[in-house]
Amino acid sequence: MAPRLRRNLSTDTDTNTTAAATAVATLERPATADAQHTADAQHTADAQHTADAQHTAETAETRGADGAAIRIRGLRRTFGNHTVLDGLDLTVASGEFVALLGRSGSGKSTLIRILGGFDGGISGEVLATRQRSVVFQEARLLPWTRTLANVTIGLSGRDVAERGRVALAEVGLAGRERSWPVALSGGEAQRVALARALVREPDLVMLDEPFGALDALTRIRMHALLQQLCRRHRPAVLFVTHDVDEAILLADRVLVLTEGRLSLDVPVDVASPRRRTDPAFDRLRSTLLAELGVDELAEGDH
């Protein structure tokens, strides 16, 4: 059965995610109690919104779309006189892993924010599965809340704690339920963010450069973990990255976003296990780098 989708993601938000449309990158602890309360409420709302982006309110039209997790037609988003997304068309099938490449400012993160319900002011048709989660480059954990509570934020039911423990075990953090976020490494914090996304059993997971701030060895480990989790849970994945090799290693299909539209859409026809020494890998890398306007000698920048 095709998944049910919903239209016009920017129309309304669930009461659990009200007043948290923008991200809080860094929070400095205020000096006064009133300021503390205000900042805590904002950070809590932001983490809640990150965890529960899939709970955008229903509109009148809800329908299937031939097994698609995402279907976008003519999406346009402008900021003042600047057009970021210009008539974008995109379909992502249920269970498909799609990587999205593009230069800085090409609209990749804007697209993720629209699909996650963080950004409005759009025109065009945007459909996405009702159960969806977002993982950002920053883990966005509440620093004054223990790991398990960060994973289960916004959930209810008698089995919530057990579901959270299972999710943490899946990402290799069994026994860390009572750890404070400050005690976690960067890789561990991103594992918690993955657990928080997957504990909701989403049909669609969107990842916006989730491993960009990690060291090379940790990135390799996170690649293996993400592949394992995707095989187990089978969500559709929209994965934003600047790393061409990362896109080829992980995805079924790679897209390039240029000036608000998809300029390239190619399948990853590279045998598994994928190796950078494979001629097919090298050919696809060259194609993608050329589309991005990057000299292969500078590919490390991507």
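Cβ coordinates are placed from backbone N, Cα and C, and glycine is handled just like the others.
What Swiss-Prot lists as compositional bias 'Low complexity' is 30-57. Among the features that Swiss-Prot reports, region 'Disordered' is placed at 30-65. Positions annotated as domain 'ABC transporter' by Swiss-Prot: 70-284. The ATP binding site feature in Swiss-Prot is assigned to Gly102, Arg103, Ser104, Gly105, Ser106, Gly107, Lys108, Ser109; the stated evidence is sequence analysis.
Ranking the binding-site residues Arg103, Lys108 by the number of CB atoms within 10 A of their own CB puts Lys108 at the top.
Secondary structure at Gly102 (ATP binding site), as computed by DSSP, is strand.
Its Cβ placed at the centre, Gly105 (ATP binding site) has 11 other Cβ atoms within 10 Å. Of all Cβ atoms in the protein chains displayed, 23 besides its own lie within 10 Å of the Cβ of Gly107 (ATP binding site). If you take every residue in the domain 'ABC transporter' (70-284) and average the pLDDT, you get 96. Sequence-ordered, the extra residues of this chain that approach the ATP site, with Cβ no more than 8 Å from the Cβ center of Gly102, Arg103, Ser104, Gly105, Ser106, Gly107, Lys108, Ser109, are Thr110, Leu257.
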